[in-house]
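Below you'll find the structure, written out as structure tokens, and then a few comments.
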Amino acid sequence: LPLLLEATLLRLASGSHHPFYNGFYYNHLMNDKGNGQEEVDYFNGAKLVVETSKDPVYSSNGANVTLPCHYHYEPDMEAKPKIRIKWSKLRDDYTKEQDVLVAIGKTYMAFGDFQGRAHLRQVSRREASLVISDVRLQDDGKYRCEVIDGLEDESDVVDLQLQGIVFPYQPPRGQYRLNFHEAEQVCQEQGAILATFNQLFQAWSEGLDWCNAGWLADGTVQYPIRLPRKPCGGLHLAPGIRSYGPRHRHLHRFDAFCFSSGLRGEVFYLDHPAGMTLEEAKQRCQDAGAEIARVGQLYSAWKFLGLDRCNAGWLADGSVRYPITKPRANCGPVEPGVRSFGFPSKGRFGVFCYKER
């Protein structure tokens, strides 16, 4: 990029750029309806309108996704060739979280984790859609599309939602042993990330009921209850998400709610007549050209691929679990789910392996 253009893009990303005169005149006038509200009266110009999808855009881990954004003028007029376009990723409360991409004309710059994965799609007139390739779990969230034409600066928000599953996680050493940063780490080790409140709420609406409190991505501690009961906030409370609010990220310790999305490969089960130790199980997966599966991968295979196996198997964290989509006799409770035997120090079991496609 030429130095001047690069500097302009960086100023645009930081929000410190100064608008310049573009020939549009406008004035704030009190309307005549007597309600004290202002309306904008445009003279010798046009109003810039930016529109994105009103419905969430759904995707999954590893996929490519397009976040639609278009702009036009009222009344219609030709856009300038140097329209500025800026995409930002927002927090749930709509405050800016990070810059994704800025563009002037056909020149653009992506930032942070979006470098090499984000670009504009401008195949139609007045389009400013954002294309994200190789979608990652962290990409879930709200995005603002901002179009700047001189003094005119308008934006709209689109919600990218990853199709995934939330699962509670306790480490081998037991309940309520994780501070916030350790919770982030164990989720990553299991092929997942800490869930957001929206993801936990969606899981609750789909039936998740869990009486142990866990960390969420915003540093709060919460848990979902479908059936109110005395140990879980009391019988007098309605079903819902129970919240402890924000907790100290270093001192306080709880479990974790992790979020995993679709798989780029497959999870399969291997057995041995005499069973296997954990180390033997890891080697068996390697011999099959795979690796021992993580907890998040098993949950995703159960949720999205319908994996159903009434045989316990080792996972990478040393736990023993098995997925059931069709409950039946001798396979645990009457509800579908991933059953757990905990973290046995002894015993011989099968193994769940994961292999990239």
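A Cβ is built for glycine as well, from the same backbone N, Cα and C atoms used for every other residue.
Regional average pLDDT for the domain 'Ig-like' (46-158) in the model is 91. Per TrEMBL, domain 'Ig-like' is recorded for 46-158.
What TrEMBL records for 165-260 (among others) is domain 'Link'.
The 10 Å shell around the Cβ of Cys232 (disulfide bond) contains 19 further Cβ atoms across the protein chains shown. According to TrEMBL, the disulfide bond annotation covers Cys211-Cys232 (among others).
Annotated domain 'Link' per TrEMBL: 266-355 (among others), in sequence order.
Close to Cys310 (disulfide bond) in the fold, though at least 6 residues off in sequence, lie Tyr322, Ile324, Arg328, Asn330, Cys331, each with a CB less than 8 Å from its CB. Annotation source TrEMBL lists disulfide bond at Cys310-Cys331 (among others).
On its own chain, Cys211 (disulfide bond) has Tyr223, Ile225, Arg229, Pro231, Cys232 as residues at least 6 apart in sequence with a Cβ closer than 8 Å to its own Cβ.
Within 10 Å of the C-beta atom of Cys331 (disulfide bond) sit 15 other C-beta atoms, taking all shown protein chains into account.
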